[in-house]
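Here's the structure we're looking at; comments come further down.
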Number of protein chains: 2
Amino acid sequence: MDASAEVDHLAAERSAARFDVEAMKVAWAGSRHAVEVGDRMARLVASDPVFRKDNRTMLSRKDLFKDTLRKAAHAWKRIVELRLTEEEAGMLRLYVDQPGYVDLHWGMFVPAIKGQGTEEQQKKWLPMAYKFQIIGCYAQTELGHGSNVQGLETTATFDPKTDEFVIHSPTLTSSKWWPGGLGKASTHAVVYARLITEGKDYGIHGFIVQLRSLEDHSPLPGITLGDIGGKFGSGAYNSMDNGVLRFDHVRIPRDQMLMRLSQVTREGKYVHSDVPKQLLYGTMVFVRQTIVADASKALSRAVCIAVRYSAIRKQFGSQDGGPETKVLDYKTQQSRLFPLLASAYAFRFVGDWLKWLYMDVTQKLEAKDYSTLQEAHACTAGLKAVTTSATADAIEECRKLCGGHGYLNSSGLPELFAVYVPACTYEGDNIVLLLQVARILMKTLSQLTSGKQPVGTMAYMGNVQYLMQCKCAVNTAEDWLNPVAIQEAFEARALRMAVNCAQNIGQAANQEEGFYERSPDLLEAAVAHIQLVIVTKFISKVQQDIPGPGVKEQLQNLCNVYALYILHKHLGDFLATGCITPKQGALANEQLGKLYAQVRPNAVALVDAFNYTDHYLGSVLGRYDGNVYPALYEEAWKDPLNETVVPEGYHEYLRPLLKQQLKLSRL
Amino acid sequence: MDASAEVDHLAAERSAARFDVEAMKVAWAGSRHAVEVGDRMARLVASDPVFRKDNRTMLSRKDLFKDTLRKAAHAWKRIVELRLTEEEAGMLRLYVDQPGYVDLHWGMFVPAIKGQGTEEQQKKWLPMAYKFQIIGCYAQTELGHGSNVQGLETTATFDPKTDEFVIHSPTLTSSKWWPGGLGKASTHAVVYARLITEGKDYGIHGFIVQLRSLEDHSPLPGITLGDIGGKFGSGAYNSMDNGVLRFDHVRIPRDQMLMRLSQVTREGKYVHSDVPKQLLYGTMVFVRQTIVADASKALSRAVCIAVRYSAIRKQFGSQDGGPETKVLDYKTQQSRLFPLLASAYAFRFVGDWLKWLYMDVTQKLEAKDYSTLQEAHACTAGLKAVTTSATADAIEECRKLCGGHGYLNSSGLPELFAVYVPACTYEGDNIVLLLQVARILMKTLSQLTSGKQPVGTMAYMGNVQYLMQCKCAVNTAEDWLNPVAIQEAFEARALRMAVNCAQNIGQAANQEEGFYERSPDLLEAAVAHIQLVIVTKFISKVQQDIPGPGVKEQLQNLCNVYALYILHKHLGDFLATGCITPKQGALANEQLGKLYAQVRPNAVALVDAFNYTDHYLGSVLGRYDGNVYPALYEEAWKDPLNETVVPEGYHEYLRPLLKQQLKLSRL
């Protein structure tokens, strides 16, 4: 049921809000147009029975996979029939909300060919991909190799006699392992392998390899293909055919090497093109930007469920049998939930800013200006790491905030968690990414002495003299509402942690050894830097003109909640580096409590502004109308165990036990 | 495969250990006898094909439930056939490792009758329960009511005309909801309901109610029964029939009210017996004690998997194609994993101590000495909350530490997480419990002024004068190895946080309002108190005589790792309260790094000491022999999706897409 439900159990909550929800929807979505398209696509999906997903956790692996194939085909049919724009099609896929091969086809296969293929290759392969005449995936990781791409073992050896590459899996650990869409659906893959020609190993390159017959879908000779097995959760990513792939000397034409950056000639010479390597970073910025945007989506769904349910659920606090207190009114609930609500908005806005950064980087790359590339790379890698880790933890926290019922699949939260957590690992393990950020921080610091001014999100590091000795001016709790005070405290904390690391590394016998020894501290410094970026971008956002009654005020509140929550959570950092005093820390915490009280009456409306349909939320607890209990009750009876009153197995395993006839029975 | 495997890929790790693993097994299990019994039962289960669990995540809900019934009956058969002792039977059930109705039958139904039933009632019901002539569950929570037992709505109205109670569910939200074993298996339940007699509501009492026919297992008239639906994870708790139960004026004889503490007479008079109410607290201490023990089991399983796999998995660090570095050698991996290894041991030893506390409380209760009851209650409630929350987070952290492969069901970690997390909610939501601890802390503080000396784990609070002003004497990193320094810092931190809370509450208009406003801070103070308890008990343990070469030294290391890790994680607490200086905090962190280096060569042996079979671990990544990659590869092919090379759904949903015939097809 959607907003059209007859009784709205959350009506009182909604009318208590002190801002215009419709205007907030625009602020969240980015534009009125985005709200409108999202709305239309969400309803299109929700109203189509093929896209139902309430039974997803009850399907067997095979049925779930078949259901994914059906939905993908149906979505494509609708996209074609309705002549949807690229934007609309993307939204439609989002609301179908089931991982499947199309994600990799559009998200990895097509971009890989676009980014690494020559114009000729693009002309040949993209039209087929655009029409789904072929289905592609992205075969990079191997059984024994994930984060370290340079360690991949698959080989692509050029054979000048036949003008072909021979793709081969020399070991068990070189089996391609994890690529989504590989196990069952894809006909083609971009395969990453060590290019060997003239007896020399030129490292990892991409190759377009056909995997399955376009006639009967059987694997081509020399190719072994399968699914790698069940994954976390009941439904979750089990709709995806993450696959294993082994090559036994499989031959492909030379022109299926992706040759935009380097080529192998007919004679087997390895040559670089004049296209700068840096272009690849642009793609990475793009992909990670979408991951940050996805973090805000996943987090906001979990928060929406937890906030609505917390406004329905009552517990304790009754006097003489009177009504109990809504759990949302408890300070402990608020202090756990509202920071996550604020984080959802924070990640949304930093994600919007990353979109801008991607365009900026792209323009600069086209102008062969690489001056901001490293900083942009650090920033996107770090934001990917920090937002995905925080989101995974936050979804689970929202589940716990829903008490026992959050553990039911019908709450939607177990699935949301299980389907989300791989984001912490894919596209760069978060720890590996944060160490990359730390490396760039250390480099930036070391270059300060030679007068090189840091740029973009690292510009504050140029202010090192001031930030190393500045004292926080906060005297009252209200002083913490001043964005200048917040910004400076976060800058000083991040810089001082980085400087501490640099000094400690400097004392080591050599830099590399020092970096290794101090890597746990470097992780913390990297997180501090990225949290500064998020706070900074949120502050910039709320300093802009934001239309709609009360909207800007709410976002200012949430911005302060986010910043002061991070400050409280990482108080040790701020105190250890002397950025603030214990007294100032206590004032921040006091102000945080006051901010929660201001968020409280607006909480339900703030999650309404995400504009999610009940279909997309997929949660009995998060229903728009708040009619939770009858829905929970109804949902329970759908479980297959309830098909019979007396369970299967009673006669074999319960009755003999109860009748004390177990010894006679053969089990 | 077990220790008998031909090649041990972890042999070098094992031989590097600087202590005697067999002696450590004894230290972990508690006695040589416990090791022997555990070993024997684990092997009994592992060698019996009925108890296989490697296919568990692939079974449908119905098949999984049937499998649980089968295992339960088979386990009982073996227990009877082999005349196992209670200890052996408990171990056997542990290693069967599948939640099911027997857990509630033995863990809740029987203890409830023992604790709350009269001698007569015990004589009538327990023999049937002991022989499984009846199967019982514990029906307390309702759809609308969990933590707040006093808010339950089910009624038990005495009818003096027939000498019966009428059990009734007056509302939808009064439906019993969640009890394990209720949905499909149980024949009886202890039902908690509001006792009403002579028109007066006497609050919540327990009643033995028969639910199903002992002849054909059908629900008795007036009783509606079902399963509440799927839960987190693929297998996990889906083997359990958590149930829903509604009563429509169901009549039971008066003598099925559990009457040890209070009775209703034939005339309908409500009378208290002379048995003290406090006895009920003893049961709570017992149940929560087992939950803390379970926390160390679950955590140690996850840590065992992550440590072994980290010693096999290699990534990065190769020079010129040479071997990569074991991920266990990375400082970032150590700084995340070794604190969890230390936590497993910490929780194990505090769990052992809780067993002693339970016996101590029981003896005192029998002597009508209630002086330590409140402190013991706070301590067990708090330890339940802190260890279960930390364990849930740690299992997920271990999963992430296994990278992508940790997301596969074959890693065992998704299931371990999904099956464990409800421990944060059941038997007292962790937040609710911590607030209870905080309340007792505040009360203890307020009684100091009247000269009442705190006892047991709160005794340190009597030292308030000293602890409020003491200064940490640490000057070097090594100084942090002194248990006196650690103990004092933790005591000062816990006490000062509690005192801060008390002072802030004191400033509020009234105590209750102040407690409510400050509840987020109170949670933190409660956690600080409980962490002190854990550290204190670990320190006491390692100060005892522990036999075996090197064993005591390893445990001392782990004790220091645990304490300094908590100190680093909660540095803000220690600095804000002035218990240590920023410099001392940095020294603690430095010492922590040195301790990790000492744990490193012993890590694999330290998890071997848990003595888990490969069957119990249920993880391809955690295999004793470390032969991970062939096993992962082999496991993948067992997925149902791999039954056919071309997937079901190809002809309906993939081929029409690829052949551009989608428009013609009916989806």
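Any Cβ shown, glycine's included, is placed from N, Cα and C.
Features of the protein shown, as given by TrEMBL:
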ACT_SITE  B:E427  active site, proton acceptor
BINDING   B:T141, B:G180  FAD binding site
DOMAIN    B:20-135  domain 'Acyl-coenzyme A oxidase N-terminal'
DOMAIN    B:137-238  domain 'Acyl-CoA oxidase/dehydrogenase middle'
DOMAIN    B:281-442  domain 'Acyl-CoA oxidase C-alpha1'
DOMAIN    B:484-659  domain 'Acyl-CoA oxidase C-terminal'
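Features as recorded by TrEMBL, highlighted on the structure.
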| residue | record | contacts (Cβ under 8 Å, 6+ apart) |
| --- | --- | --- |
| B:T141 | FAD binding site | B:K176, B:W177, B:W178, B:P179 |
| B:G180 | FAD binding site | B:P99, B:Y101, B:D103, B:L104, B:C137, B:Y138, B:M240, B:D241, B:N242, B:G243 |
| B:E427 | active site, proton acceptor | B:V287, B:R288, B:I291, B:K384 |
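In this entry, B:T141 stand out among the recorded positions B:T141, B:G180, B:E427 as having a C-beta under 8 A from a C-beta of chain A.
Confidence across the domain 'Acyl-CoA oxidase/dehydrogenase middle' (B:137-238), taken as the mean pLDDT and rounded to a whole number, stands at 97. Per DSSP, the secondary structure of the domain 'Acyl-coenzyme A oxidase N-terminal' (B:20-135) breaks down as 90 helix, 0 strand, 26 coil. DSSP labels the residues of the domain 'Acyl-CoA oxidase/dehydrogenase middle' (B:137-238) in these numbers: 9 helix, 46 strand, 47 coil.
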